[in-house]
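Database features, via Swiss-Prot:
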type	residues	note
BINDING	SER17, ASP150, ILE151, GLU152, LYS190, THR191, LYS192, PRO193, THR194, GLN195, LYS226	CTP binding site
BINDING	SER17, LYS190, THR191, LYS192, PRO193, THR194, GLN195, LYS226	UTP binding site
BINDING	SER18, LEU19, GLY20, LYS21, GLY22, LEU23, ASP75	ATP binding site
BINDING	ASP75, GLU143	Mg(2+) binding site
DOMAIN	294-532	domain 'Glutamine amidotransferase type-1'
BINDING	GLY355, MET383, GLY384, MET385, GLN386, GLU406, ARG462	L-glutamine binding site
ACT_SITE	CYS382	active site, nucleophile
ACT_SITE	HIS509	active site
ACT_SITE	GLU511	active site
Amino acid sequence: MNQASTRFIFVTGGVVSSLGKGLAAASIGALLQARGFKICLRKLDPYLNIDPGTMSPIQHGEVFVTDDGAETDLDLGHYERFTGVKTTKNDNITTGKVYHNLLKKERRGDYLGQTVQIIPHVTDLINSFILHDTDKLDFVICEIGGTVGDIESQPFLESIRQIGYKLSKNNTIFVHLTLVPYIDAAMELKTKPTQHSVKELSSVGIQPDIILYRSKIPLSKEQRDKIANLCNVSSTNIIPALDVKNIYELPISYHNYNLDTQILNHFNIDSPEPDLRKWENILNISHAVTKTVNVAIIGKYIKLLDAYKSLIEALEHASIHNKVKLSIKWIDSRSLDSNEINIFDKVDSILIPGGFGDDGIQGKMTAITYARLNKIPFLGICMGMQLAIIEFANNVAHLEDANSTEFNLYCKNPVIHQLPELQQNFLGGSMKLGSCPCYLESGSKIFSIYQQSIIHERRRHRYAFNLQYKDLLEQHGLIFTGKSNNNNDSLIEVIELKDHPWFIGVQFHPEFKSSPFHSHPLFISFIKASLD
């Protein structure tokens, strides 16, 4: 590592979780990038899972898939969308992965009879992850998951403390995000939680250089001075992380409160002002729209909308591109039946996202049937495409008991089946993952959307269309317009309906490649069709 040129920014959080550390880290990256610096962002997650791939979306939220096939925390999606820098498997690590690698090294004899301990062996592995391949970067922004004080976070905090000591203040800065709650009854902001959070962080040897406080309103000068005195942080480095209506307001908001300026001052770096015109343009468009598009999303994880974070953002990007306001009607697939189709009366389009398991399948099928019969724009993603095939096989091709072996292993017509190479005893890491090529049929709607014959999209699935049913379904009007290669045994990646204005299913996850500045063409077309 070129210690003279690479600076490390560590972002920690206190008081409560879900304050927006990932968005703060992404905003810092975007602001430094707007000044011309080369950056990367990394995430340390303290849970014992090797990755979030087998975790419930209701507990953890979305699993974000990188180009190289890593199943990662949803914050990596924020990193990519805010900066355009593609993340990799080297940008997210968990306690589980650290221990997994540690025990493999121990079994190989790499430690030569040493007593393997948290310090130095675990912390050394964490340090290696943070420092790996950073010598050509100006800044590495590293977010530490969880909350200061959690027992799971201790090895990670010790690791960044060590890096801060070894590289000195000239090359490291600690940014701590806390909560300053507003008590309605007292009509005042309370700083005590922030004081205790900084005290907790200081107890492990880390003195924050900047405090970001999450709040509805800014603190007064007197309140900032109080925190500065009690937390040993300059009052100019106590910066608000205010609630915003649109997350893409955050970089400009942080810049207006001098966050990037104070970071550069810490490192004694002179820099031109950031070019934030693209961020201003996005906000100007989103604030000026008057027309609304209504999209119905039918899913089973809607109790935690973070389960669909990239999907929501991709629809927002496409709506901004089409200069309309997005309104999402969330429908729980487990409570939807064929007698409630009036729920779709005021929607412009229907979307079925990815998912797992048979819970709520009938509700999704009801929505697909409605979209097909009423010529409403429909987009099915991953399982959404598979269910569209099952619905078509049953109701149009009249195949008896057409289903997926994921839902019924012994169905008569398994139009969706598990890929043979993925039939393993382990669930974790046992899917087709990451960016793969997809060959599009010339003259198809999907080709007209992408305007190219070969695309690359990210996948996350272990079930696929059974090619034995291809000819039969084609005879009834289902069109297969995208495949994984040009061979006869290629996986089906895209389907369309012959007699429908806009009905597309994709096996891949296009939402992972959308950004506010490069809205995904498939979502642009979907929103446009919703307006027609």
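Just so it is clear, glycine is given a Cβ too, placed from its N, Cα and C backbone atoms.
The most crowded of the binding-site residues listed here (THR194, GLN195) is THR194, judged by how many other CB atoms sit within 10 Å of its own CB. Reduced to three states, the DSSP call for GLU143 (Mg(2+) binding site) is strand. With GLU143 (Mg(2+) binding site) as the anchor, the candidate recorded positions are LYS190, CYS382, MET383, and the one with the nearest CA is LYS190. The local packing around LEU19 (ATP binding site), expressed as other Cβ atoms within 10 Å of its Cβ over all shown chains, amounts to 19.
Around ARG462 (L-glutamine binding site), taking its Cβ as the centre, 17 other Cβ atoms fall within 10 Å, counting all chains. Each residue contributes its Cα atom, and for MET383 (L-glutamine binding site) and ASP75 (ATP binding site) those atoms are 23 Å apart. For ASP75 (ATP binding site), the spatially nearest entry among the recorded positions CYS382, GLN386, ARG462, HIS509 is HIS509, judged by CA separation. Under a cutoff of 8 A between CB atoms, and with a sequence separation of 6+ in the same chain, the neighbours of LEU23 (ATP binding site) are HIS78, PHE82, ILE247, LEU250. Neighbour count (other Cβ atoms within 10 Å of the Cβ, all protein chains): 27 for GLN386 (L-glutamine binding site). The most densely surrounded of the recorded positions LYS21, LYS190, HIS509 is LYS21 (count of other Cβ atoms within 10 A of its Cβ). Summarising the environment of GLU143 (Mg(2+) binding site), the number of other Cβ atoms within 10 Å of its Cβ, over all protein chains shown, is 29. Looking just at the domain 'Glutamine amidotransferase type-1' (294-532), the mean pLDDT is 94.
Within 10 Å of the C-beta of GLU406 (L-glutamine binding site) there are 19 other C-beta atoms, taking all protein chains into account. Candidate binding-site residues: GLY20, PRO193, GLY355, GLY384. Fewest other C-beta atoms within 10 angstroms, PRO193.
Following the DSSP three-state reduction, the secondary structure of ARG462 (L-glutamine binding site) is coil.
Of all the recorded positions in the record (THR191, CYS382, GLU511), the one with the smallest CA separation from LEU19 (ATP binding site) is THR191.
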